[in-house]
Structure formats: C-alpha cells, structure tokens
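S.K.: What follows is a structure written as structure tokens; I'll ask about it next.
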Amino acid sequence: MSYYDIIFSKHIDKIKSEGRYREFKALKRQADNFPFAEHANKQIVMWCINDYLGMSKHAKVMHASIDALLKYGVGSGGTRNIGGNNIAILELEKELANLHKKQAALVFTSGFVANDTTLASLAKIMPDIVFFSDELNHASIIAGITSSRAEKYIYRHLDVKHLEELLQSVDINRPKIVVFESAYSMDGFFSPIKDIINLAKKYNALTFIDEVHTVGLYGKQGGGIAELLNCSDQIDIIQGTLAKAYGTIGGYITSNHNLVDAIRLTAPGFIFTTSLPPVISTAATHSIRHLKESNEERIKHQEVVTKLKNSFERFNIPYLKNESHIVPIIIGDPIKTAKASNMLLNEYGIYVQHINFPTVPRGTERLRIIPTPAHTDKMINDLSVALVQIFAELDIELSSAKELNEEVRLNLIA
C-alpha cells in the first residue's frame with residue numbers, strides 16, 4: 001500500500017469506526033409501479049425518495065421528454081454561451097419566472113450549484129456585501145458564502161430576534177443579504193418568512209430564500225411557502241430545484257431582470273458548465289405546468305402525510321413534530337440508526353436511508369421518512385409495525401426516543 005493509499009485508508013477507517021460509513025443501495029426504480037423499486041432481486045417500498053409527488057413517472061412528463069429526446073437528441077451541445085442555449089431551456093426559465101411572479105429566471109445544473117455560485121457571485125458584484133445566514137442552512141449555501149470570502153454573520157436557527165441583533169450591528173447603507181430556507185430538510189421546520197422579510201426591509205437588506213423542499217408542494221400553483229403566504233413579491237431572490245417535487249434535475253434562481261442578468265454574466269457555476277439537455281428542460285417545464293393546474297397531487301400528498309403521522313401516534317413511534325411533509329425519527333445513535341435502516345430494507349422490504357453526521361449533528365442521527373401521494377394505508381401500517389419491532393429488537397426505548405425528539409424540537413424552535 002502506497003503512502004497516499006494509507007492516508008485514504010485511515011480516513012475511511014475513521015469514518016467506519018464512527019458508524020457513519022455510507023454505502024450506496026443498488027436500486028431499480030419502477031416507473032410503472034411507484035413508489036416500488038427492486039433491490040437485491042426483491043421488490044421494496046421506498047420511503048425516503050425526494051421525488052415527492054412521483055412526477056418523474058407522470059405520463060405528461062415522460063411523454064414530453066420522449067418527444068424532446070427524439071426531436072433534439074440527448075445532450076445540449078455546450079454551455080449556455082456556446083451552443084447550449086436551446087429553446088427548451090428558455091421556455092423553462094420563462095415558466096419558472098411566471099411560477100414565482102418574477103421578471104426573470106436562470107437555470108443551473110443543480111440546486112447546489114444554484115446556491116453556491118449565485119451567493120459567491122453576489123460578493124463579486126457587491127464586494128462590500130455582508131451575509132446573514134441561518135445556522136442550519138444547507139451545505140450549498142454555506143459553500144457559496146464561504147467561497148465568497150465576504151463578511152458573514154450566522155444567526156441562531158429560526159431566531160429572528162438574534163437576526164435583528166446582528167443586522168443592527170452593520171451600517172444600514174452597506175449591502176447585505178439574509179439567506180434562509182423555507183423548510184429545513186432534516187427537521188422539517190418552516191422559517192418565519194414574513195418576520196424575516198420585515199427585518200430585511202427595516203435594515204435595507206436583500207432576501208434570498210431556498211425553496212427546494214417546498215416548490216411544487218405548497219401554494220396554489222406550487223410556488224412554495226412564499227406563494228402560500230402570498231409574499232413571493234416581497235422576496236428578492238427565490239431559489240429552487242427541479243429535482244424534487246418536479247421529478248427531474250437542475251436548480252434555478254428567480255428575481256428581477258437586472259439581478260438575474262448580473263448573475264448570468266458573473267457566476268462561474270453557470271458560465272463554465274454544459275447546460276441542461278433539452279430533454280430535461282422540456283420534462284421540467286411540463287411538470288411545472290401540470291402542478292400549476294392540478295392541485296390533486298398536493299391534496300393527496302398532505303392526506304398521506306397526516307395519515308402517516310397519525311399512525312406513528314397510534315403506535316407510539318417517536319418523531320420530530322413539525323408542520324411539514326418531512327417526518328424525522330431521531331434515534332441519536334449512529335450504529336443503531338444504521339442497523340434500523342438495514343433491517344427495514346433486508347427484513348421488511350422497506351427502504352429508509354439513515355441520516356448521520358455530517359448531514360445532521362452528532363447525537364441526532366435519524367431516519368427521515370418521506371411520504372408521497374402513492375403510499376397506501378397498508379404501506380403506512382407495514383412501516384409502523386416494522387419500526388416498533390425493530391426498535392424492540394435494537395433496545396431503542398420508545399420513551400427515551402420520544403424525549404430526545406422533543407428535546408431536539410425545543411432546541412430548534414427556542
């Protein structure tokens with residue numbers, strides 16, 4: 001083993017010893033049988049997929065993508081500046097701007113890139129800018145702010161009082177921006193959006209909201225929590241993804257013409273990469289259009305979320321209580337959490353990926369349950385029964401787990 005192999009091997013061994021080694025599951029998704037998949041030649045039920053509404057297999061979306069594939073081919077042919085600025089992606093951006101009631105939109109290869117390169121670019125455009133960021137913001141937000149090398153203040157999670165204290169400390173005439181998420185993916189809590197908007201206005205700050213876990217799911221047309229609260233027009237930059245509720249891939253920002261154009265001309269994550277293929281852009285556009293017109297998926301989704309939480313209450317299964325569609329079960333032990341996940345998959349045919357550090361803080365390791373409109377009452381009951389049996393086998397005390405979940409909840413909303 002070479003000198004460098006030893007370094008890498010030690011790094012891997014350390015992660016394994018901490019119980020947070022990640023193994024990919026080889027899955028064969030079944031487009032005609034969502035939310036089922038095949039794993040190790042067995043049919044399983046997926047309970048952790050971010051294809052929130054099953055739009056990846058929706059007939060309109062698949063047929064549109066097939067038509068685009070035959071018409072345009074597989075790839076986009078280049079960057080947006082050199083050959084890759086196709087009609088399909090322009091239509092997608094127009095649809096996104098309309099969704100969020102903004103003047104313009106810009107599409108990126110992923111939600112991560114959209115956050116990372118946009119935030120870093122804002123600091124290039126405004127070198128004196130100050131970032132104010134929620135302490136539990138996504139890694140992509142942290143990466144963008146960090147790489148910007150701009151001055152930053154981190155406010156306590158969801159704590160608008162602390163945010164105001166920090167805003168007060170900076171000259172009101174200095175460029176500043178508050179960056180936050182509408183719904184936090186690991187805990188499921190919503191941000192106090194209107195309070196943040198009011199503070200930003202009071203202290204002359206821009207607002208940047210990450211709506212990746214809410215677009216398509218909330219609001220009359222699927223415009224996210226900002227649309228639900230009727231405040232999209234009061235937020236300067238709305239960022240979202242095409243890879244979750246819309247069932248495709250890609251990320252985007254929406255804002256006014258000048259801001260979007262400035263990012264288009266500045267962001268390396270936009271300029272120096274191949275654009276989304278027309279087949280993806282077309283599929284995303286049709287997915288957005290369908291969810292603008294149809295509320296059926298959202299209604300059914302919320303019904304299943306409620307049924308799942310009610311089932312957990314009946315079975316005395318501890319979970320982190322919130323108002324969103326994300327249902328975390330905090331176990332607090334990386335080894336037991338991984339074992340519970342593997343037992344669900346191998347013994348019960350239920351796939352729930354365990355979430356360990358660094359995705360969540362140590363001591364809050366969890367299973368994160370993601371309901372979809374396609375999950376049935378039987379699937380909910382099977383999951384509940386399996387969890388009770390696995391908790392007993394792993395000596396996970398329900399009372400202790402309940403206390404841990406409540407402790408985490410109180411810490412998050414304190």
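Glycine too: its Cβ is placed from the backbone N, Cα and C atoms.
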S.K.: Which one of Thr241, Thr248, Thr306 goes with Ser185, His213, Thr273, Thr274 at the pyridoxal 5'-phosphate site, as Swiss-Prot has it?
M.R.: Thr241
S.K.: Rank the binding-site residues Ser185, Thr241, Thr273, Thr274 by the number of other Cβ atoms within 10 Å of each Cβ, and give the residue at the low end.
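M.R.: If we count Cβ atoms within 10 Å for the binding-site residues Ser185, Thr241, Thr273, Thr274, the smallest count is at Thr274.
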S.K.: Helix, strand or coil by DSSP: which one applies to Ser133 (substrate binding site)?
M.R.: strand
S.K.: Return the count of C-beta atoms lying within 10 angstroms of the C-beta of Thr359 (substrate binding site), excluding that atom itself.
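M.R.: Its Cβ has 16 other Cβ atoms within 10 Å.
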S.K.: By the count of other Cβ atoms within 10 Å, pick out the sparsest of the recorded positions Arg22, Lys152, His213, Lys244.
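M.R.: Fewest other Cβ atoms within 10 Å, among the recorded positions Arg22, Lys152, His213, Lys244, is found for Arg22.
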S.K.: Rounded to a whole number, how many Å is the Cα of Arg22 (substrate binding site) away from the Cα of Thr274 (pyridoxal 5'-phosphate binding site)?
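M.R.: Just about 29 Å between their Cα atoms.
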S.K.: Cα of Ser185 (pyridoxal 5'-phosphate binding site) to Cα of Thr359 (substrate binding site): how many Å, rounded?
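M.R.: About 10 Å separates the two Cα atoms.
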